[in-house]
Amino acid sequence: WIMGHMVNNIKQIDEFVNLGSNAIETDVSFDKKANPEYTYHGTPCDCGRDCLRWEYFNDFVKALRTATTPGNSKYDKLFLVVFDLKTSSLYDYQASEAGTKLAKNLLQHYWNNGNNGGRAYIILSIPNLKHYKLITGFQQTLKDEGHAELLDKVGYDFSGNDDIGDVQKTYEKAGVTGHVWQSDGITNCLLRSFTRINAAVANRDSANGIINKVYYWTVDKRQTTRDTLDANVDGIMTNYPDITVEILNEDAYKTKFRIATYEDNPWETFKE
């Protein structure tokens, strides 16, 4: 999965897909009442990027629905969306409410109330383990609204670079048993060791681990891309998807990896 980083403006959806992304990451900021408000990152952000691009959340989600509905030219090119949920602005007790409001919003504006809505898989990426009730609030709301089937399209990620054991315990508290992606990384302005990514991959590949897929961010340089592929990740989050495509076509990688398609289930652990 080639995950376009910080796609917060409607025009950027096309831009990143055209460069080779089959997945995008979008920042979601919340208002004081825990409603998803903007797709916005703000400063500081990755080196070489405009941190201030934004849309109203509803407008972005409607455009995303159009792009990921059969008949659209992007439909079979873009099939995974990571919502990077900026919950640090919320009180801990608001996490469940944020999940409820996010679910209602996506149900209406993305899934079109279950009537021929967008088809992409969605990952809810949460920066704080304490906010695990966002997941339970989200799930319960879709069930209450009569659309539990949409949870087949939803996965989860804790993005705070916490200890993998603590992440696993938090999923147990939330009652999550699958659809788990694990991120690791740091802004492209800095370097980070592969210690934790290796631990995440080990959990993914172990018999009793909870992780299904592992991705690393933000990977922009060619050598870092090679190092990341050598760590056996499932996804690379990048500001330059065309560089990821280029490296995947190198002799060392083109027989070992392929770019995911719509037919690939992002919740299944890949077994060699």
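Cβ atoms are placed via backbone N, Cα and C, with glycine included.
Summary of the site annotation: Swiss-Prot records Mg(2+) binding at GLU25, ASP27. Screening the candidates ASP59, ASP76, ASP84 against this entry identifies ASP84 as the one listed for that site. Candidates considered were CYS45, CYS189; the recorded disulfide partner of CYS51 in Swiss-Prot is CYS45.
Annotated pair CYS45 (disulfide bond) and HIS5 (active site), C-alpha to C-alpha distance, rounded: 11 Å. Among the recorded positions HIS5, HIS41, CYS47, CYS51, the ones whose Cα sits within 10 Å of the Cα of GLU25 (Mg(2+) binding site) are HIS5, in sequence order. Of all the binding-site residues listed (GLU25, ASP84), ASP84 has the fewest other CB atoms within 10 A of its CB.
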